[in-house]
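**Student:** First the structure, then my questions, so here it is.
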Amino acid sequence: MTEDTISQIATAYGAGGIGIIRVSGADAFAVARQIFRPVRGDLGEITPYRAHYGQITAADSGVIDEGILLPMRAPHSYTGEDVVELQCHGGSIVLREVLLRTWEAGARPAEAGEFTKRAFLNGRLDLTRAEGVMELIAAKSARSARAARERMAGALSQEIAAIRHRLLGAIARIEAGIDFPEDDIPAASAAALREDITAAASAVRRLLTGANAGRILREGVKTVIVGRPNVGKSSLLNALVGTERAIVTDVPGTTRDVIEEEISIEGIPLRLLDTAGLRAAEDAVEQIGVARTEQHMRDAELVLAVFDSSSELTEEDHELIARLREMNAETIILCNKEDCARVLRVADFDGVNAPVLMISAQAGTGLDALRETIAARVQMMEGDLSDGALPNKEREVEALQRAARHLSEAEKTLAAEMGTDFISIDLRGAYDTLGAILGETVDTDLIDRIFSEFCIGK
Ligand code: GDP
Ligand code: ZN
């Protein structure tokens with residue numbers, strides 16, 4: 001424990017019944033001794049893992065608050081260092097005062113994610129599990145929370161470890177074979193080697209296939225609401241969000257910029273975008289809106305195309321339908337204003353590969369069916385989204401792709417019956433690359449960057 005001692009408020013800001021200050025590092029117990037006065041006895045012998053009740057005192061030994069001190073001894077703590085937690089009243093002023101007091105007593109402010117970073121550096125968790133912690137805190141839907149919990153428990157690390165174990169076995173086989181006279185692998189060994197490599201390669205590919213689903217859990221399905229002005233796009237966004245977020249007016253073209261909201265449908269996170277529409281715009285501001293709509297439609301994963309069921313299709317509607325026919329994204333056609341006299345027919349949307357639903361954004365009818373359809377469509381695209389073993393980071397996907405390349409090289413070399421040295425190099429390459437996902441072989445800059453994305457106090 002050469003590191004200095006850090007402290008930070010571990011609970012959420014704002015008023016709460018209890019707030020917790022966490023202090024971690026070699027001097028954590030010394031800090032506690034200076035600022036905490038137990039009701040009984042003194043802190044001469046701090047008993048770890050026991051709650052001590054007492055007062056948190058100012059430098060002039062006045063009382064800041066009363067509360068509970070919970071000491072934990074290295075290595076049996078979250079960070080793997082000596083840790084004390086001070087539970088006091090959860091007001092933001094009092095927490096701030098206690099925090100300042102820990103700094104006076106020798107701790108320094110913890111950076112974002114620094115506790116978890118120390119846990120990682122002290123070998124308490126690997127990188128994927130540390131990221132699971134962050135994801136659980138940030139989870140916006142039940143499904144994402146479940147996946148984050150699994151990741152935190154090691155679902156992805158175990159998958160990776162199993163693949164690496166296989167690779168190590170293959171490397172050992174080759175090394176045993178190098179002692180053979182002609183530097184050739186006996187037939188039986190070659191077959192076993194092929195099996196190891198194939199199994200590892202297909203496990204890596206399986207993880208890569210799941211990567212998009214993992215990303216969706218983290219970032220949400222990019223869902224774009226399109227349609228000509230006044231069909232009820234903003235009303236639909238508001239109805240799905242449950243509050244008035246977008247401006248609803250009778251004036252076409254009111255949503256000039258894109259409004260984005262995050263919602264959760266049956267546990268699936270969605271990034272919902274209300275767009276400006278696609279019509280030829282007159283003024284410059286509106287033109288920007290239209291250009292953005294175009295861009296958003298191009299990278300949408302789900303498109304909610306809204307039409308006004310109470311009026312005939314316009315030129316703009318026909319243009320949109322033509323576009324929908326060519327699009328790859330999952331699409332749902334919504335005939336809004338079903339509370340009014342109905343003019344549109346399902347046949348109007350022939351040739352578009354999408355379900356057609358009747359809704360009223362204003363009256364709130366048809367929205368449950370819409371939610372069910374959205375959930376079904378997303379699951380059709382991505383399969384089961386609640387798997388904590390899915391890679392979901394740029395970094396992880398990139399490493400898996402590199403590992404996959406190494407393994408297909410190894411497969412090729414083996415098939416061509418070329419030198420085993422080359423196979424061995426590729427297998428080691430794959431082994432190290434996979435190790436980077438767990439944080440075994442990454443440099444400190446990257447580690448710093450990853451943990452700086454954590455929240456303060458974790
Ligand atoms: P946008 O331009 O596509 O975003 O459309 P808005 O959401 O701003 O709505 C345009 C107009 O249609 C407003 O006057 C809304 O009150 C009205 N509207 C929206 N949804 C419905 C609906 O389901 N039924 C009826 N009757 N009117 C609606
Ligand atoms: Zn609008």
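Cβ coordinates are placed from backbone N, Cα and C, and glycine is handled just like the others.
Automatic prediction, not curation, is the source of TrEMBL annotations.
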**Student:** Please pick, from K412, K458, the residue that TrEMBL records in the (6S)-5-formyl-5,6,7,8-tetrahydrofolate site together with R22, E85, R124.
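**Tutor:** Between K412, K458, TrEMBL records just one in the (6S)-5-formyl-5,6,7,8-tetrahydrofolate site with R22, E85, R124, namely K458.
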**Student:** For the feature coiled coil as recorded in TrEMBL, pick the matching range from 54-81, 306-333, 390-417.
**Tutor:** 390-417
**Student:** What is the total of other Cβ atoms whose distance to the Cβ of E85 ((6S)-5-formyl-5,6,7,8-tetrahydrofolate binding site) is within 10 Å?
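**Tutor:** Excluding its own Cβ, the number within 10 Å is 21.
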**Student:** Between C-alpha atoms, which of these binding-site residues comes nearest to K233 (GTP binding site): R22, E85, R124, K458?
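**Tutor:** Given the candidates R22, E85, R124, K458, the nearest one is K458.
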**Student:** Looking only at C-alpha atoms, tell me how far N230 (K(+) binding site) is from E85 ((6S)-5-formyl-5,6,7,8-tetrahydrofolate binding site), rounded to the nearest Å.
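**Tutor:** With the alpha carbons as reference points, the distance is 56 Å.
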**Student:** Could you state the whole-number distance in Å separating the C-alpha atoms of E85 ((6S)-5-formyl-5,6,7,8-tetrahydrofolate binding site) and S234 (Mg(2+) binding site)?
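**Tutor:** Per the Cα atoms, E85 ((6S)-5-formyl-5,6,7,8-tetrahydrofolate binding site) and S234 (Mg(2+) binding site) stand 47 Å apart.
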**Student:** Highest Cβ count within 10 Å among the binding-site residues R124, K233, K458: which residue is it?
**Tutor:** K233
